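Enquirer: A single structure is presented below for examination.
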Amino acid sequence: MTTQIELKILDARIGTEYPLPAYATPGSAGMDLRALLDAPLTLAPGDTTLVPTGLAIHIQDPGLCATILPRSGLGHKHGIVLGNLVGLIDSDYQGQLMVSVWNRGNDNFTMQPGERIAQLVIMPVVQASFQLVDEFNQSERGEGGFGSSGRQ
């Protein structure tokens, strides 16, 4: 399935120095977002900062949203994750995509201009309405929570 989403380039380096976001393979779910910095940025352990991507999107379709997710290599190798864990972009948002970056590692990390820092995934949305009830129909699991389904 392919859906058209409006994209606004806010930084002239996109499309010249850095490519537009694109799927790396036919099976890719996410497109890489880059740090559109003017100079290298060093994050000390525990630091968080908002990093511009130089892009704005307008999804328009209320049946879709976008999520900003971490890149696995940055988190595993360097302790660089998203400060808000997951970024949710609503269909009616039109501003610049910013990435909250958190250095949860033990060493300084220097981010370079144009470095791939996160990925953008477009996802379907279901807007639910609630039906108030006094009791639920009994399920096999019931109220069992954290760890109740076992480890094996």
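Note: Cβ is positioned from N, Cα and C throughout, glycine not excepted.
Quick caveat, the model's predicted, so the values are computed rather than measured.
Dumping what Swiss-Prot says about this protein:
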BINDING   Arg71, Ser72, Gly73, Asn84, Leu88, Ile89, Asp90, Met98  substrate binding site
Enquirer: Between the binding-site residues Ser72, Asn84, where is the Cβ count within 10 Å the lowest?
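Expert: Across Ser72, Asn84, these binding-site residues, the one with fewest Cβ atoms within 10 Å is Ser72.
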Enquirer: Using all protein chains shown, find which of the binding-site residues Arg71, Gly73, Leu88, Asp90, Met98 scores highest when you count other CB atoms within 10 A of its CB.
Expert: Arg71
Enquirer: Around the Cβ of Ile89 (substrate binding site), how many other Cβ atoms lie within 10 Å? Please give the count over every shown protein chain.
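Expert: Neighbour count, Cβ to Cβ under the 10 Å cut-off: 20.
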Enquirer: Please report the three-state DSSP label of Asp90 (substrate binding site).
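Expert: Reduced to three states, the DSSP call for Asp90 (substrate binding site) is coil.
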